Amino acid sequence: MINTLIKYRLVFIIIIIGLLIFSLGKVSSIKINTDVSQFFPTDDPDYTFYENVNTKLQKDEYLVLVGIQNKDSTFSNALLNNIRSLSNTIKNLEYVKQVTGVHNSKYIEKTLFGSMELPYVDYSDINNIKFNKVRALKNFDTTQNFMSKNLEALFIWVEIEDIINNEQLDSVMRAIEVIKKDYKEIAIYTWGRKYIDKSFEKILIQEIGKLGLWIFIFMCIALLLIFKNPLALVLPLILITSVIILFVGGMVMFDRPLGTMSNLFPTIILIVGISDIIHMCIKFNMETSINQKSVHEATVLTLKEIGWTTFITSFTTALGFFILIISPMKAMRDFGMESAIVVLLTYVLTILLVPTFFNLFKTKNVFAVRAIYHIIWEFLLEKIDRLKLKPKKVILFYFVLIVISLFGMRTINTNTHQYSIPENSELFTDYQFFETNFGGSRTFELVLTSEQGHQLNNVELLKLSNTIHDYLSKDKKVNTLKSPITYYRAALGYLGLDDDSSFASILNERNVKKAEKEFLSKANNTFLFDTDRTVFKFSGQINDIGRDDIKSFNQEVMKDLELIIGTAPVNARISGLDHLIDRAHHLSIQKMVVGLIMIIMVVALILGLIFRSLSLTVLTLILNIIPLIISAGILGFTNLELRGEITLIFTVGFVIAIDDTIHLLSKFQFERKKGADIKEAIDKALIESGKAILATSIILIGGFFVLLISNSYEIFTLGLIVGIMCIVTLTVDLVLAPILILNWFKKYI
């Protein structure tokens with residue numbers, strides 16, 4: 001196999017160049033998908049219920065909410081003119097169905113001549129526009145959707161056609177943003193599912209570019225610090241560039257868009273590609289410069305010894321990503337699958353490129369280690385030798401760290417916020433505005449469904465729905481509540497019947513039919529009820545107080561509703577987009593433990609087959625479970641949020657960290673098979689593999705710490721925790737591993 005790789009290296013190069021040319025032509029067509037539906041738990045019963053309800057109700061995903069700040073809480077002529085002008089300009093956009101606000105809404109006024117429909121804002125005199133503040137506040141049950149109670153914020157609802165494609169939706173969103181800029185005299189904010197998706201798409205594109213650039217800069221600096229000759233950068237740079245082009249080209253060819261976690265791909269490619277290359281280059285240099293082997297002999301020895309080990313490390317790393325397939329989130333499943341492919345692609349390209357480059361650079365010092373790096377390594381090796389003389393103190397130190405970390409693990413924060421928005425983004429400013437002025441940025445949804453043979457517009461069930469509406473309205477957490485009851489109350493008001501306070505008392509079959517005739521003339525199907533009146537939705541806003549607190553609140557609501565509903569033929573259920581995302585995060589955290597156990601067992605089986613030694617397998621697992629525990633403890637002590645997307649840090653961190661341990665113990669076992677005693681074998685493994693382990697650890701730690709510049713909370717947290725995990729793993733591999741081998745595992749190896 002190795003001789004074949006060397007013999008046909010030019011053929012492989014030609015094939016790679018051909019694939020690169022083909023992929024390069026595809027790269028510009030890559031798409032990005034930030035649709036929130038990627039985070040839905042598609043196998044969860046709550047998702048099935050949500051989809052079933054959505055087939056009966058009008059979708060609210062294509063509603064865009066435009067907020068206008070009104071600092072002095074008085075509606076001036078200029079403000080009201082701007083609002084009407086803004087509304088009309090948006091209404092004239094292609095694909096916009098309707099624009100609604102207090103400026104074009106009406107109320108019923110009883111007069112001697114009967115009921116009259118009057119506007120809240122009278123534009124009859126353009127120089128003296130009148131806003132009926134008293135009536136708007138009196139009818140706040142209806143007008144709360146268009147203004148805050150303190151009148152410091154106004155809201156315009158924009159309904160977009162839900163049959164348009166992604167490009168058409170992009171054009172509408174861009175047009176709204178352009179229109180907003182034309183009204184510099186008023187502060188305008190935007191919210192809504194599609195707006196959030198498009199905003200995250202822009203943020204993601206910026207993140208990929210920024211992180212890719214800084215990781216590239218860091219990689220060049222790190223390699224120049226490790227290797228003496230700048231030519232040593234050629235192979236890593238070509239490898240990384242080739243992997244990115246082939247991967248992106250492949251994604252386009254198979255019509256797969258980049259997902260919300262795509263800004264991690266540069267780091268993953270760096271980790272796998274550079275780690276493998278460094279081990280091979282240092283080994284190749286050692287064989288040519290120190291052992292005076294020919295280039296051909298050194299290449300064969302490098303591929304034989306390091307090539308097999310890097311295959312194992314790449315395979316286990318790929319498995320760590322592949323295990324994400326058990327995640328309830330499609331975004332995580334896709335990321336895991338794509339990352340596994342990236343890892344294996346990087347390994348294959350490394351193996352194919354190495355023979356050519358090793359033969360190309362026949363000068364024996366191209367991959368020579370820089371003197372300063374050698375000095376640092378010798379200094380560390382001396383410290384390691386001293387620590388090996390104090391085994392009890394070293395073991396006690398790690399034991400104390402583990403105990404402290406176990407306490408930290410108990411405080412891990414799962415009370416995460418719904419939105420992880422970069423604070424320096426326009427989207428975050430929008431989020432703060434609606435969180436403060438609209439009653440919250442999250443949506444609370446309760447769905448009532450009638451049992452078979454019953455309809456919710458039955459008089460008694462309408463009274464029950466009215467009771468539920470009042471119960472939710474009185475709760476301080478739920479704001480801007482709207483439900484079918486809002487329609488019935490408004491319709492009865494239009495008909496000149498009694499006011500809302502006596503709503504239940506005036507309900508009878510005749511009045512219900514009158515009310516339905518009134519509002520059905522305006523809308524046959526709405527966002528809040530279906531045509532058969534078997535589904536009622538109660539929708540309100542709630543502050544982003546944290547998922548655990550929201551869960552407790554939902555449980556409290558459902559407990560109270562059980563008493564309110566009693567034996568009525570009605571079922572109540574919490575639903576909605578935000579609830580589904582909460583469920584996905586909760587299930588992701590649950591599956592994280594399952595995934596971690598699975599990958600540990602799979603890695604243990606693989607190591608058992610490779611090492612054919614139970615002791616070395618157990619030792620490897622012990623050495624790499626320690627960084628997991630310490631990292632989890634740090635996550636707890638720092639009070640960083642354990643979000644659903646961050647759960648991958650433990651499974652992925654484990655398989656990334658275990659790579660260097662495998663390199664060290666493989667070298668140890670290799671020396672043992674050559675006849676070396678335990679001390680001689682571990683010393684030689686430290687000297688030869690340790691230098692490469694330090695280099696790869698610098699790359700790993702630096703690569704993950706580069707992620708700290710990310711504006712994404714998830715990426716920042718992942719970079720910090722996995723970076724710390726790599727630091728702990730480095731100390732465990734170079735300090736604790738030799739001590740455990742020489743003191744505890746000596747008689748078993």
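Just so you know, glycine gets a Cβ as well, placed from its N, Cα and C.
Noted in TrEMBL for the protein shown:
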type	residues	note
TRANSMEM	6-24	transmembrane segment
TRANSMEM	208-227	transmembrane segment
TRANSMEM	233-252	transmembrane segment
DOMAIN	239-360	domain 'SSD'
TRANSMEM	264-286	transmembrane segment
TRANSMEM	306-327	transmembrane segment
TRANSMEM	339-360	transmembrane segment
TRANSMEM	394-412	transmembrane segment
TRANSMEM	592-611	transmembrane segment
TRANSMEM	618-640	transmembrane segment
TRANSMEM	646-665	transmembrane segment
TRANSMEM	692-709	transmembrane segment
TRANSMEM	715-745	transmembrane segment
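Most Cβ pairs under 8 Å with the transmembrane segment (646-665) belong to 306-327, among the candidate stretches 264-286, 306-327, 339-360, 394-412, 618-640.
Same-chain neighbours of the transmembrane segment (592-611): 312, 315-316, 319-320, 323-324, 326-327, 617, 620-621, 625, 628, 647-648, 650-651, 654-655, 658, 662, 665-666, 669, counting only residues six or more beyond its ends whose CB sits under 8 Å from a CB of the stretch. Spatially, the transmembrane segment (618-640) is not adjacent to the transmembrane segment (6-24); fewer than three Cβ-Cβ distances between them are under 8 Å for residues at least 6 apart in sequence. The stretch from 6-24, 233-252, 264-286, 339-360, 715-745 with the most CB pairs below 8 A to the transmembrane segment (692-709) is 715-745. When Cβ distances are compared across the two stretches, the transmembrane segment (233-252) makes no contact with the transmembrane segment (715-745), since fewer than 3 pairs at least 6 residues apart fall below 8 angstroms.
Under the criterion of 3 or more C-beta pairs below 8 Å, with sequence separation of 6 or more, the transmembrane segment (6-24) and the transmembrane segment (339-360) qualify as touching. Counted with DSSP, the domain 'SSD' (239-360) comes out as 107 helix, 2 strand, 13 coil. Using a Cβ-Cβ cut-off under 8 Å and counting only residues 6 or more beyond its ends in the same chain, the transmembrane segment (264-286) has close neighbours at 208, 211-212, 215-216, 219, 223, 226-227, 232, 235-236, 239-240, 243-244, 247, 258, 298-299, 301-303, 305-307, 309-310, 313-314, 317, 321, 335, 338-339, 342-343, 346-347, 349-350, 354, 358, 364-369, 656, 659-660, 663, 688-689, 691-692, 695-696, 699-700, 703-704, 706-707, 715, 718-719. Proximity of distant same-chain residues to the transmembrane segment (339-360), defined by a Cβ-Cβ separation under 8 Å and at least 6 residues beyond the stretch ends, is recorded for 5-6, 9-10, 12-13, 16, 234-235, 238-239, 242-243, 246-247, 250, 264-265, 268-269, 272-273, 276-277, 280, 284, 295-296, 298-299, 302-303, 307, 310-311, 314-315, 317-319, 321-322, 324, 652. Outside the transmembrane segment (306-327), and at least 6 residues removed from its termini, the chain residues within Cβ reach (under 8 Å) are 2, 268, 272, 275-276, 279-280, 283, 333, 335-337, 339-341, 343-344, 346-347, 350-351, 354, 588, 591, 594-595, 598-599, 602-603, 606, 610, 647-648, 651-652, 654-656, 658-659, 662-663, 666.
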